[in-house]
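Only one structure is covered here, and it is reproduced in the block below.
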């Protein structure tokens with residue numbers, strides 16, 4: 001007589017586990033939580049997408065009204081019509097530059113966005129771009145750790161990262177310790193099977209049900225949340241692989257603990273401690289440590305610096321403008337006009353100076369943000385619970401890197417607009433001002449509103465997104481393998497005496 | 001070839017010598033009763049034979065297989081009946097038997113399972129019932145069937161009649177006799193002197209881990225056996 005074949009044991013266990021009400025209860029709960037999480041994010045993102053559409057419509061409406069107004073102001077003046085202030089006049093290039101050039105930089109959600117709530121829900125995905133806003137747009141949002149959001153908002157990634165391990169560990173603990181708690185383990189151990197094969201067969205049977213059920217639940221949840229599955233086949237497949245590896249990681253931990261055949265109570269206590277450490281304790285500790293070692297630059301100090309710099313610029317305004325005009329060969333002969341420039345023309349010289357003076361603080365903030373991203377990336381390797389969340393966000397397009405890329409594109413877009421408009425505004429300095437009494441209400445130094453470029457942002461391709469998460473996927477696979485092998489090696493003898 | 005051979009086996013738990021220099025040999029078909037009070041080392045001896053504990057000294061051989069170097073191989077030749085048999089409550093007697101037989105490396109069909117359960121004395125109307133509703137005696141009978149299913153060379157019985165009614169205990173005696181007649185050796189750790197006299201060929205008395213006496217059961221009537229047991233424990 002020889003030991004039972006693993007395949008025979010597995011088949012028996014597979015049938016037995018498949019009849020367990022616990023398994024199906026956990027699967028149903030996970031399916032419900034996956035759907036709930038994905039729908040929560042999808043609703044939020046739909047609202048944001050609607051806001052983006054409104055912004056797009058606002059831009060079109062402004063362009064249309066500017067064109068309409070320009071037509072009206074080119075018409076011959078009537079007797080009862082008065083003059084128009086320059087800031088109301090789209091045919092005046094200075095007024096146009098400050099009061100009619102307003103576009104939105106928009107960051108649309110990607111099709112797989114319900115996979116994970118991310119930075120996009122904290123940071124703006126819609127930025128109003130005006131020529132003279134320092135650094136591109138108003139920085140009215142506080143950038144927070146998206147983990148805080150995940151704990152507050154129930155998204156799909158939260159369900160996977162936090163709830164899935166609970167379900168799996170509960171299942172393993174109760175199904176694998178059953179014989180121990182029921183007093184059957186001695187009888188099992190007295191047969192011709194070793195603990196590795198016996199525990200291995202049961203664990204494999206649990207996973208043989210759990211893995212397909214969870215992966216199917218993931219696909220169903222995302223489909224219900226409106227993800228066009230056909231369009232996102234590749235990143236979706238990678239997200240499924242990540243979920244699979246995450247399950248294997250936790251099953252490796254489960255195997256390691258259960259290898260010594262503890263009672264259900266002891267196993268659950270151990271699992272609870274490990275879960276709390278990986279999901280709550282270590283992330284909070286690392287977050288606290290990072291905040292202590294590398295605190296973020298003070299937002300209050302930045303606001304204060306902005307106010308101080310503006311005050312300085314106001315005080316030095318005439319001198320700065322004189323210096324700016326004098327430094328330009330094409331404008332040097334018109335230095336005498338420095339003190340009589342209109343507000344919009346003045347801004348075309350002064351805003352770059354404001355940006356120059358604030359750049360140390362701005363650079364410090366950007367540098368800190370980049371460091372935080374690097375730390376978060378590295379921490380993901382230390383704590384797979386954080387890593388998988390970041391990987392999901394990267395596949396969903398809600399990651400900080402995409403947000404940073406969007407904000408950089410917004411800033412570049414503003415520079416692009418300035419390159420179109422500022423030369424025209426500043427060229428007016430060399431020309432005589434419009435006469436106070438004219439045949440038209442408009443000043444007509446800009447006969448037609450400019451055909452300004454549209455905002456565009458270079459998106460990472462699906463292949464790039466996948467490439468970005470592959471190192472973590474390999475690392476997770478390695479961790480899963482190491483924990484499983486360690487657990488398998490640990491299950492070297494029956495603990496029945 | 002002996003069905004079981006223990007040579008100078010010893011094991012300690014810290015300062016406690018649980019089993020000391022124990023030597024027992026069982027021939028095929030022989031029924032050996034290991035007597036002794038609680039803590040005498042009976043279950044520890046069974047644990048060492050099953051490979052759950054490793055003796056510090058000595059050797060254990062089961063049907064020619066060294067139990068210390070090949071515990072799985074030795075267990076494959078041992079049918080074990082614990083004091084209290086616990087089963088999967090949601091499985092029937094047949095399913096439980098099939099499962100444990102599978103763990104022992106044997107695939108048995110329903111007909112074989114019914115036959116084994118019948119041999120163990122379980123009534124046929126209980127074969128399909130969930131074992132969650134079984135009495136201790138019925139579970140014990142399924143346990144016997146599990147042990148028989150292995151077609152083992154050696155049966156290890158740990159307090160097999162504890163908590164059984166007279167009828168169930170008598171059924172168990174019949175099973176032991178039947179196994180013995182098929183050449184299966186039986187090592188029975190027990191307090192039940194009556195059952196020892198009923199089925200055992202030889203008996204050994206353990207006290208504080210030492211084998212203090214060993215006799216042919218046939219040479220003793222029940223009263224003499226009880227007196228001998230009490231004397232050995234007292235001395």
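Here, residue 1 is simply the first one shown, and the rest follow in order.
Just so you know, glycine gets a Cβ as well, placed from its N, Cα and C.
Per TrEMBL, transmembrane segment is recorded for A:21-39, A:156-178, A:199-224, A:236-259, A:266-291, A:375-396, A:469-488.
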Stretch among A:21-39, A:156-178, A:236-259, A:266-291, A:469-488 sharing the most Cβ pairs under 8 Å with the transmembrane segment (A:375-396): A:469-488
Non-local residues, at least 6 beyond the ends, that sit with Cβ under 8 Å of the transmembrane segment (A:236-259): 112, 115, 160-161, 164-165, 168-169, 172-173, 176-177, 195, 199, 203, 206-207, 210-211, 214-215, 218-219, 222, 227, 229, 267, 270-271, 274, 384, 388, 391-392, 395, 466, 469, 472-473, 476-477, 479-484, 486-488, 490-492
Tertiary contacts of the transmembrane segment (A:469-488), as residues 6+ beyond its ends and Cβ separation under 8 Å: 196, 200, 238, 241-242, 245-246, 248-249, 251-259, 380-381, 384, 387-388, 390-391, 394-395
Beyond the flanks of the transmembrane segment (A:199-224) by 6 or more, those residues with Cβ under 8 Å of it: 6, 9-10, 12-14, 16-18, 23, 26-27, 30-31, 34-35, 37-39, 112, 114-115, 156, 160, 164, 168, 171-172, 175-176, 236, 239-240, 243-244, 247-248, 251, 254-255, 258-259, 261, 488, 491
